[in-house]
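Scroll down for the structure; my scribbles are underneath it.
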Amino acid sequence: MSQDLEQKLWSIASGIPFVSDYFLQASPARKLKKENLFSKVFETYFLELGSGWGEVAIAMALQRRNTGFVLMEKKFDRIRHTIREIEKHSLDNVKILCVNFNWFLADVFEENLFSEILLNFPDPWPKKRHHKKRTINSKFIESLRVLLPEKGKFSFATDYGPYARKTIRLFRDSEIFKPETMEFRLERKEIPVSHFERKKRKEGKRIYYIDQILIRK
């Protein structure tokens, strides 16, 4: 990424689309730390990448009040809906970053901040010429290494088998992650079902769940 392009992207990423107490603001000058995410410090922190309509994080935040949830989402309509749900439930443990996480991720947060990171159903870019646009690659895995502590967990879901297989190979080759139990599974009960996931299940799609644990920094 050229310096000019990086500056342009940061000028976008450091802005906020509208006024809300639930926004966090990214900055190239300083990384976000646990002390300046919320009005209080939580026991653990959870990051959802591409949080969509917020239904997964909202459901988890209601059950895990001692965890701070940070959501990264770029689409304004989804962000507005999420904020309405946060307000409806009077949640003090959910904040949103209106940032494209494919631009900046490890640059935004301090190291070892999140005990868990979730990525549900990113675009699989099925055509070979588009594979370079996929989120999960060696650079992304390096960002996970920075943001997770040892024994931190990354959870991933996709309904596209070739993407699941490629993801498994990338984590295997990284040598710093290992599967939590198995390389993939076809059911997941500990994370709420999203609207997109429910739709894919109704269509009869097989969903691959991949959970990786960081074993060394």
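The backbone N, Cα and C atoms fix where each Cβ goes, glycine too.
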Among GLU35, GLU43, GLU48, GLU150, the candidate listed by Swiss-Prot alongside GLU73, ASN100, ASP123 for S-adenosyl-L-methionine is GLU48
Looking only at the recorded positions GLU48, GLU73, ASN100, ASP123, ASP159 (substrate binding site) has its closest CA neighbour at ASP123
CB neighbours within 10 A of ASP123 (active site), counting all protein chains shown, number 14
Cα-Cα, ASP123 (active site) versus ASN100 (S-adenosyl-L-methionine binding site), nearest Å, comes out at 13
The sparsest Cβ environment within 10 Å, among the binding-site residues GLU48, GLU73, ASP159, is found at ASP159
Of all C-alpha pairs drawn from the S-adenosyl-L-methionine-binding set GLU48, GLU73, ASN100, ASP123, the farthest apart lie at a distance in Å of 15
